[in-house]
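Student: If you look up TrEMBL, you'll see 56-316 marked as domain 'OBG-type G'. Taken from TrEMBL, the feature ATP binding site applies to Asn65, Val66, Gly67, Lys68, Ser69, Thr70, Val265. The feature domain 'TGS' is assigned by TrEMBL to 338-421.
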Amino acid sequence: MARAACSSVVTALTLLPSKSHHLFRNHSLFSLKSTKLVGVLTLEKRCFSSKVSMSLKAGIVGLPNVGKSTLFNAVVENGKAQAANFPFCTIEPNVGIVAVPDSRLQVLSKLTNSQKVVPASIEFVDIAGLVKGASQGEGLGNKFLSHIREVDSILQVVRCFEDNDIIHVNGKVDPTSDIDVINLELIFCDLDQIGKRIDRLNKGKAKDSQSKVKEEAEKSALQRIQEALLDGKPARSVALNDLEKDVVKHLCLLTMKPMIYVANVAETDLAEPDKNPYVEQVKGLSSDLQSGHVVVSAQVESELTELPLEERIEYLNSLGVSESGLGNLIRATYSLLGLQTYFTSGEKETRAWTIHAGMTAPQAAGVIHSDFEKGFIRAETVAYDDFVSAGSLAAARDKGLLRSEGKEYIVKEGDVMLFRFNV
């Protein structure tokens, strides 16, 4: 059935007007104007979930032999994925929790004499490689696509290095072709799912007026998304109102997810990636596709895990870079998802909390515990730099740097907060 559905999709694509054929010929697969990382997701205050800190998950995907599992092994502590030179060696998705590097935590911990430090974290999922035709079941296609549905963002690793010992699945290094293969498979999968859903909506009859409104909203949204997909644009490029976003959310459309392209280069290109023509291709495409991009060397990241901490900086300096790719990767993910960090700090612990930019103080408190949000009274707040310059919470209060913020306060990046609540 999947093959038949996808064959219908291909037929429909071939019958489109010539302007839509850029899906195959034009490297700018999704013709979007905005190139900013922040703002890819329209995050509105009332739509935020306070569970973001507990469920942030990024899926690492890519064609076989692009360095995907090598990168996963390097960035995930005690990663167990097999990084073999063989397609589909990662049969099941491998999951690992990565601490978000943040030097501010140690500074705050020393100032408040904390017993422990708890960084924010991201869950990375190494998902089995895919090939052309995955949406029709080729390779591990269907399994691959189902695992993507479970993540919040997609990190697409793109090979930007030459190595005769590591065979490219398509015979040559071609970032544009690699990106097109994966993006087209995601589009085909979404088109198949949307087509089936529209058929069910057309056959069904709403039992009440409220259900009818929701069904009509879903049908309208899906028809517009379908048109965009057939024109080579991702679902996330379609403007939807709050109701439409809510009624299509259950489909977990693959092209609705934010994407970051990870240009995997040789260690010799890490210091000056702009001189690598493959990286330039990835940068141009990510801009056209309204996505983020970062440059890493999976091999360097792998070698760093084998070195003592003090030798890692020396090794990176010898390559002409100041930090590993992990920090850049996480920052790009935060930026693309519209996330930021606030802190709580005391004698017991200093902890970083991840929230959506634009969250109010009660919503940010709810990330810690739902009771904090329900019984929120106020938030004693001081900016990180002000806290450090004052030296303590008491000193910040004496200097007038500590503010008492209410329910409408929008939390800022780096705020140090103490919540007062009553339940």
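Heads up, the Cβ atoms here are built off N, Cα and C, so glycines get one too.
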Student: Record lists Asn65, Val66, Gly67, Lys68, Ser69, Thr70, Val265 as binding ATP; longest Cα-Cα distance in Å?
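Tutor: This binding site's residues have a maximal Cα-Cα distance of 15 Å.
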Student: May I ask which residues of the same chain, at least 6 positions away in sequence, place their Cβ under 8 angstroms from the Cβ of Gly67 (ATP binding site)?
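Tutor: Counting only residues 6 or more apart in sequence, the Cβ neighbours of Gly67 (ATP binding site) under 8 Å are Val157, Arg159, Phe161, Asn264, Ala298, Gln299.
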Student: Provide the three-state DSSP residue tally for the domain 'TGS' (338-421): helix first, then strand, then coil.
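Tutor: Within the domain 'TGS' (338-421) the tally stands at 26 helix, 33 strand, 25 coil.
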Student: Please work out which residue of Asn65, Ser69, Thr70 has the most C-beta neighbours within 10 angstroms of its C-beta, and give that one of the binding-site residues.
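Tutor: Of the binding-site residues Asn65, Ser69, Thr70, the most buried by Cβ count within 10 Å is Ser69.
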Student: Averaged across the domain 'TGS' (338-421), what pLDDT does the model get? Just tell me the whole number, please.
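Tutor: Within the domain 'TGS' (338-421), the model's average pLDDT equals 96.
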